[in-house]
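*Asks:* Below is one structure. I have some questions about it.
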Amino acid sequence: MLGSIAKKIFGSSNDRRVKGYRPRVAQINALEPEIQALSDEALRARTDMLKAELANGKSLDDILVPAFATVREAAKRVFGQRHFDVQLIGGMVLHEGGIAEMKTGEGKTLVATLPVYLNALEGKGVHVVTVNDYLASRDAEWMGQVYRFLGLSVGTIVHGLDDAQRKEAYACDITYGTNNEYGFDYLRDNMKYELSQLAQRGHNFAIVDEVDSILIDEARTPLIISGPVDDRSELYVAVDALMPRLRKEFYDLDEKQRTVSLTEEGNEFIEEAMREAGLLKEGDLYDAHNVTLVHHVNQALRAHTLFTRDKDYIVKNDEVVIIDEFTGRMMQGRRYSEGLHQALEAKERVTIQPENQTLASITFQNYFRLYKKLAGMTGTASTEADEFAEIYKLDVVDIPTNKEVERVDEDDEVYRTVGEKYEGIIAEIDKAHARHQPILVGTGSIEKSEHLAEMLKKAGYSLLDYSDPNALTDVYAAAREGRVTKRFAVLNARFHEQEAYIVAEAGVPGAITIATNMAGRGTDIKLGGNLEMRIEKELGHLADGPERDAAIAAIKAEIAENRTKVLASGEPADPAAGRKKDLPGGLYIIGTERHESRRIDNQLRGRSGRQGDPGRSKFYLSLQDDLMRIFGSDRMDGMLQKLGLEQGEAIIHPWINKAIEKAQQKVEARNFDMRKNVLKYDNVMNDQRKVVFEQRRDFMGQDSVRETVDEMREGVIDDLVARHIPENAYAEQWDVAGLREQVKEILNLDVPVEDWAKEEGIADEEMRERLLKAAETAYAERTEKNGAEVTAYIEKQVLLQTLDHLWREHLVTLDHLRQVIGWRGFAQRDPLNEYKSEAFDLFNGLVTALREQVTAQLSRVEIMLQEPPAEFPAGGPALPPMFAQHLDPVTGENEMDYAGFGSGSDGGGGPAYGFAAQGLAADGAVLERDPTDANTWGRVGRNEPCPCGSGKKYKHCHGSLQA
């Protein structure tokens, strides 16, 4: 109570922070008359003037006021929009590296122009991050008009660009793109062989739109680049055939944690069933050599118990397509990881696509922490403010609205059963539709949106198909005539193609729109209709001229009239029902259930009441909803029973809302803990990733890596001597035979080690010096024979390729370690500390293996004389087919797409001309492999992709023919 009194007197910390920006807002406003008087050329010249001030020692903060004033005037001239004072405050928050929380319709896109322009003046690049390609392209085109007017360049990073186009976009002053594209470009850059091929030029400043969606909802989802592995589709089908025979007592299912495991009885049943099916040929299921079978059983079990068709995924065109739980969109190209997607494909009897092996990965948490300065924008961040502060060191500032929010958020209506809840929703839709009030109904899944659609059809409503050319005509005719159409639209993954039209017209009088979660849609619902959409749809055939202008004026007038109707569509007071006040018109949001996160509910509510418009929102719940059933209090059901509610009757009370909010807070806290835990483990890999990537980039930047190669050779000899000649041991105790064998194997040297050991007074240091001298002499002769230029090229490529190969193997090993490390807790040992310790040992092993393998390969390189190319390839050896994935370590969800290597993009792979050393790829030769001529392949590793181009491993293709 004292806190609330103090808050009223002194204001909140947020109020005080916002107040602190007001003096600079006043300074910007004071500059406005002076800047308004400038010509376009003079306004554009201010960019060069501000750059000069930076070059002369001023900081970005020093020039913030004139820079913001310049952008404001440019935006006004380019598309007639002037930044409000609160938008200037939002821009300052972003410039300082904070999160600006701005309500729907408050112009976040326009706000970003202020800090983007200011920071772009440094010439180090500014990245604006959006959630999809459409928004990246739209915002770059729209806001790019302002930047180009002021003399800055703008680029866009979207799917399908080749490396040259990406490099050009990153070289611009300002770059728009999606979070996935930025992350994958970073990973791809760290798989290339020349600095000249790198697309990105550093991580200076990023502004993340919908920051809560990207840095919170997707924080656990690593970006993964992977390559194909062996086809095991028959095994997936065979294991899947066993799942329908499992009874419920054979497994433990935890919906809250989304986990499932076989009971002891279930293990016995599966073992016996697999023996009968010929899948378990020897030993027990959990024997080490059967670990792959265990993995397949677990994934098949998850597919059948944790994942539901039309809720978590749909089947379309012989594919299992994931549904995003936050937006309800189809995630074309996304795939679940670790064989789960293949298990779902087996379950649904569709074509099973091959699995992939991780080649490089990074989480969004660690990618975005690469930036020197990071900022974000969203309409809903306050509920996650603690997480932003702890993980990203970002403060959330609630920016005041330009106009007060007029939306009325009503208390939830809670029913006993789902059926009663839906009946209540249909009744409310009937009432609102009769008043011509536009309604947006939010559902949690495709399944639920289609269930509600079926109920509406039974109630006499029909589905509005926006693929029909006359659909919009009918919508507007009904609005003009004041007719009740009893028609509705469905916005979910199945109707993705119609999304823009459905959202644009959701504010027309009498519109009924059923939508899965609206998070990240990026399109405002405007009351009365969307002018731009109508012009595009209705006037696309008209050229510019008086006729088109007249038609546009008519559409504007009709939208204004429709807006007036929508504003007047509120529900009058009903004293008999205990409601003394009128309820407002505007867009009516009806939520069919609460989401696990309050933030998602707030995003749905925020679709109504934009820019001071009136609006209304209400959630309809039942005790059978997932949130209430899994996380809600058992006492709530008892309480409703005691109240003696009749069939179809609901309870409405603020206490119910508080109880639900507590359930949501429990879930949010659990999810936060999971994300923090993921980050702790990923930080271990991230530290190693930074070392490897920095070292790799250092190698790429050197003209010659001879010094590194020499140091590696010397280190290998030190290790060999230490391994076979114990300290202070007599010569008779030395492992001379082992030393000679290893010297031959690694250094390719045939030296009389036994004779040296018999010499009087010989010591380990003398042995080391002789081996080093012999190795250096042999390598110098090889270099002279091959030529210095060729040797330098081969050294660099061997070093980079070997590092890549070992790093990929290391990633797989760390992943396996992480999956089993949790069991250490049963031995009273901290799994995280155990993981750190073992990961460190594994990394040391990687460094040792790198020295030995590079030394061994370079000691055997021979040149095979063929027709020489015009010049040495800049790109190094060709890379195998690769895919980009977006993996969730908890749910297993993946985004997967071609990673930019292949047609249209060299991806750093370079031409087919390359080198090969024994033990790596071929017989130690610089040669060109012809896929049709096996004589040009040299020696191929059994696990390498077959040079014929089949995509299979060599041992399963041409290698099997030679075996």
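One-based numbering along the chain as shown.
Cβ coordinates come from backbone N, Cα and C, glycine included.
Under the heading ATP binding site, Swiss-Prot lists Gln87, Gly105, Glu106, Gly107, Lys108, Thr109, Asp524. Under the heading Zn(2+) binding site, Swiss-Prot lists Cys946, Cys948, Cys957, His958.
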*Asks:* Starting from the Cβ centroid of Gln87, Gly105, Glu106, Gly107, Lys108, Thr109, Asp524, which together make up the recorded ATP site, report each further residue of the same chain whose Cβ lies within 8 Å of that point, ordered by sequence.
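*Replies:* Checked against the 8 Å cutoff, the neighbours are Met102, Thr104, Leu110, Val111.
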*Asks:* According to DSSP, folded down to helix, strand and coil, what is Gly105 (ATP binding site)?
*Replies:* coil
*Asks:* These are the binding-site residues: Gln87, Thr109. Which one scores highest on other Cβ atoms within 10 Å?
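*Replies:* Answer by Cβ density within 10 Å: Gln87.
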*Asks:* Identify which of the binding-site residues Gly105, Gly107 has its Cβ surrounded by the largest number of other Cβ atoms within 10 Å, counting every protein chain shown.
*Replies:* Gly105
*Asks:* List the residues of the same chain that sit at least 6 positions away from Asp524 (ATP binding site) in sequence and have their Cβ under 8 Å from its Cβ, in sequence order, or write 'none'.
*Replies:* Thr104, Gly105, Arg610
*Asks:* If you draw a 10 Å sphere around the Cβ of Lys108 (ATP binding site), how many other Cβ atoms fall inside it, taking every protein chain shown into account?
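*Replies:* Its Cβ shell of radius 10 Å holds 25 other Cβ atoms.
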*Asks:* Using Cβ atoms only, which residues of the same chain lie under 8 Å from Glu106 (ATP binding site) while being at least 6 residues apart in sequence?
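*Replies:* Those within reach of Glu106 (ATP binding site), by Cβ under 8 Å and sequence separation of 6 or more, are Val86, Gln87, Gly90, Gly379, Ile399, Thr401, Asn402, Arg610, Gln611.
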*Asks:* Just report the maximum Cα pair distance in Å for the recorded ATP binders Gln87, Gly105, Glu106, Gly107, Lys108, Thr109, Asp524, no decimals.
*Replies:* 18
